[in-house]
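Q: For reference, the structure I am asking about is given below.
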C-alpha cells in the first residue's frame, strides 16, 4: 500500500492527477459519506474533461427498509453500472463513490451488457417494442411522464424520463424512429434534437422471465412455500414493481458482483475516514437486520421477508481482504500551511491596514508563475468575485474546465471547493473563504419576517384583507396581458361576485385574514374604512399602554453587573461542547444588557435542544457572582416538576466548585423542607432557586432578586403571569422558549422586548423525520422495535388520560416483547418522579404518558415518538413534544397518528400539515408565528382583543399595532403610507414557471418582494434568488427593477408612472405639493417635459423595451435632483 501526503481539499485533484498519468489503470476514489462523494465527483468533472469519470450514488434509505430509494438514485446507479460494463474504449475509468457501497451486492457484472438500448433517428423500431423494453427494464407507464423512471405513450410518440432528470420525446413513423428530442418536464415542450439516445434500466432489478424465474426459485429456497397471500411475491411474479423490493435484490440473480468487479483491477484511493466507513456500514446493516427479524417474528410485516446480512451484503472482512490484494493509495493529509493560506492573507491585510483583496492581489502577483483559479460553489458569489476583480481593474477568464485555465490572468470558475490549496502548477482560491464575513447586522426581525412570508404563503380560497377595500377571498394567481405583455396579478373575490386584480409588485396591500370564517366586504363600500378608523383609535390606546409598560421598566435603572472574568472563563471552559455562533451572539447580547445600566427584558427564542439552557446558565453566573451586589439571587421558574428536577440536576453539576447554594422548590419537596427553603430565600442564604408554580406565591420573599428566568413561558396561566409581573418590575428578566406565546412574540416583533434567536443546530444534529398517518399497529410495532434494536427507548403520547389504559392494552398485543410504564399529571408527584427516573435509567422501553413530557425531557437514547390522536393537540404542543426526540446524534422519528374514521376540522388538518412540513432544524419561531395565524394574537395586555383582530385579520392588526408603536417612538414617522405607486411600463412582469415551478413557493416569494423597503434589500433579495435558483430570467428581473422604481416613486410622491412608445406620463399624489419641483423640471427639460391641463407631467422620449427601465430611472433621478 502506497501512502501519500496531500492537502485534504485536494483529494479529487490528486485522484485526477493519477488518473490522467496512468491511462491504462482504473481507479476508485472513495468518500467517507454521500455528501463528500458527490462533491468529489463535481470537482473531478472540473479538473478533467475525460468522459470516463463516474459517480455511483448510495441508497437514500436505511438497510432493510420497506420503502424504495429515490427513483433518480435507482436510475443513476443502474446507468453507472451499464456505462462501466459497456465502455469498450481502451481508456481507463475513474469511479467515485461512498465506501459503504462496496458492500452492496449488485447484479452480476455481465448481466447489464444486454440490458441497454441505443436509439437514433431513422432506426427501425416501433412504439410497442420500445414500450415492452421499458416495462421489462423497470420503467412505469403513466398518462404523462413527470418523474424519473416513467414513460408515456401517445399514439406514435413516447416520452421517457431518465436519470438527471433528463426527458426525451421519441417520434415514430411507419415502424421507424423519426426524431428524438429533449423536452422540458414542467412545460412538456420539446427543445433540442438528439442524434442518439442510450436507455438504461430504471432500477438494478430488471423484471423479465429470467429474473422472475430466479426470484421464484430463490424465494422458495429461502422462505418456503407459504407465499400465496404475500402481496410483494404476487406483484413480482406478475412482472410488477413493489415498494421496497430492492431489499431482495440477490433473489433475482444466479450470482452477485461487488462494485470493484465492474472495473479492471482498479487502484483504490482512500483515507482513514473512508476506510472506517466500511466497518460502520457493516455494523449498521447488522443492527437493522436484528430489528427487522424481531419485527417479523409476528406476522405484522409478512410482505417483507428478511434476507440474512450475508445474503444481502458482502462482509467488511471480504471487501477488506479484496482491497489488500490490490495496489491501493492511502491519503494522509497535511493541512497546516495550505489551510492557513487565506487566513494569512486576512491577518496580514489587517496588520498592513489593507483590504483582504488588496493583499490577495499581491499574493497573486507573487504567484504569477502559477495558473490562478478562484472558485465558487454558488452563482451569487461567483458574480460578486467577477465584479470585485473588475473593480481592481484586473482581467479574468471565465472557465468551465481546468484545462481552459490561462497563465498571467485570473481564472474564475463554478467549482465546489471548500478550502484553498496550491500545487506546483496551480493556485486554487475559494470564494467562500475570501467573502467570509461576520454575522450580518441586518435586522433580526426583518430576516425572520422574510422567512415567515415565504413559508406562510397564501393558499387559493383563503380569506385576505386589502388595506383599502376590506375582506376578500384570494382565488388564484392569474397572468393578464398589459399592453400585449404578460403580467402576474392576484385575483381577489369580493361580495356580489366582484373581482379585484392586484399586480404582484403591489402585493403588500394584501394581508392574510387568519380565520376560516369571514364575511366578504363590498367593493366601494364605506363601511370598511369606517371600521378600520374605529379600530385604529383603539389600537392607539393599546400601543400607548404597551409603550408605557416598556418605558416604566427602562426608567428603573440598574447597576451595571460586574463579575470576575477569569472565574467566568473557567465556568465557560467547563461546557463540554463548542458553542454555536447563535449561542455566542445571544450570550454577548445578555452581557450588554446587564452592563448598560437598565433592567434587561429579553426573549431567547431557540429551537428545542439548541442550547438555550446553557445561555441562561451564563446569565445566571454573571448575576449570581456579581461583584457589586450584596447576595444577589436568581430565580428560574419552570412549568413542570419534571423540568424542575432536570434543571436542578444540571445546575448542580454545572455550577460545581463555584460556591453557589442551589435549591429547588416544587411539589416533590416536603412541606418541612419547603418551609426551610422559603426562609433561606428571604435571608439570602440561597443564591439560585429553581421552582415550578410553587415559587409564584405571595409567601415567597426574596432577599435580593436580581434575575428572573422564565423557561417555557407559554405554559404559565394568566394568574401566574400577573404574579410574575410583580417580580419583573425590579429584576432583570430572561424568557426562553422554542415556541413563545403570541403576546411575547408580538412584543419582541414590535421592539418592546429584546429578542435573541438561536437558530443554529448543534454539530451533528439531524432533523426529526415526521409522519402523519392513520393509526396502524403494523407501522407502530415496526417503529417501536426499530428503536429498541438500535439501543433506544420510545415515547407514546396520549392526549387524554382516559385513553391511556386502552393504549397500554394495545401495546401488550402489538409489542409483547417490550416493557412500558405510565405517567400522567394526576399521579402523585413522587410516583411521576419514580417513573421518570426509571425511564432515564433505561429500566423499561416505552413511556406511555400524557403531554406532561412536552417540557424538560432530555434523553439522548429516546428517539422515537408515537402521538395518539395528534389532531387533538395544538401546534406548539406538537412541536414541543417532537422536540423531546432527536436531541443527540441519532435521527428521531415522530409518528403523528389520527383515527382513520374521524373527520378532522380544517384547523386540525392545517396544524398537522404545518408540523409535518416544518421538519427543518430551527423551525420553532416559524411554528409560533403560524400559531398566531391559527389562533390570533390572543391576550396582548390582559383584555380580550379577539373581536378587534377579527375585524381586520391577524396580519393587518399586527401591522397597524407595529406602526402605531413606531409613531409613539418617533413622532416624525407618517402614520400610514397614503398611496401605493402604480407602475405601468409595458414589460413582462412575473416569475416564470421554469424558474420557480412550485406555485406556493412563488406566492411566498411575491409576498417577500412586497416586503422589500429599499434598494439594498432588493439587491440582497436578487443575490439570494441567483444563489437558490440561478440567473434571473428577464421577466423576474423586470419585476425587481419595477419594485426599485416604485420605491423611488413613493419618495417623489408619484402615484402613477405610465410609459408609451413616445415617453412617460407622471401623475403626482393629490395631497403632495410638488408645484415648484415640477415647474423647475419643466424649465430645465423644456424640450421634452410638458404639463397637461390635468396637472400630469409628460416626458417625451422614444422608448424601446430594452432601455425602458434605464430611461425610467434616469427620469426619476433627474426629477429628484432639480
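Including glycine, each Cβ sits where the backbone N, Cα and C put it.
According to Swiss-Prot, the protein has these features:
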type	residues	note
DOMAIN	593-758	domain 'Helicase ATP-binding'
BINDING	606, 607, 608, 609, 610, 611, 612, 613	ATP binding site
MOTIF	711-714	motif 'DEEQ box'
DOMAIN	779-933	domain 'Helicase C-terminal'
Q: Of all the binding-site residues here, 606, 609, 611, which one's CB has the most other CB atoms within 10 A?
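A: For the binding-site residues 606, 609, 611, the Cβ with the most other Cβ atoms within 10 Å is 606.
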Q: Same chain only, sequence gap of 6 or more: which residues have a CB within under 8 Å of the CB of residue 613 (ATP binding site)?
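A: Spatial neighbours, sequence-distant, of residue 613 (ATP binding site): 647, 650, 711, 736.
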Q: Looking at the motif 'DEEQ box' (711-714) alone, can you tell me the average pLDDT?
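A: That region's mean pLDDT is 74.
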Q: Which has the fewest other CB atoms in a 10 Å radius around its CB: 610, 612, the listed binding-site residues?
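A: 612, out of the binding-site residues 610, 612, has the fewest neighbouring Cβ atoms within 10 Å.
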Q: In the three-state scheme derived from DSSP, which category covers residue 606 (ATP binding site)?
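A: Going by the DSSP assignment, residue 606 (ATP binding site) falls within a strand, counted as strand.
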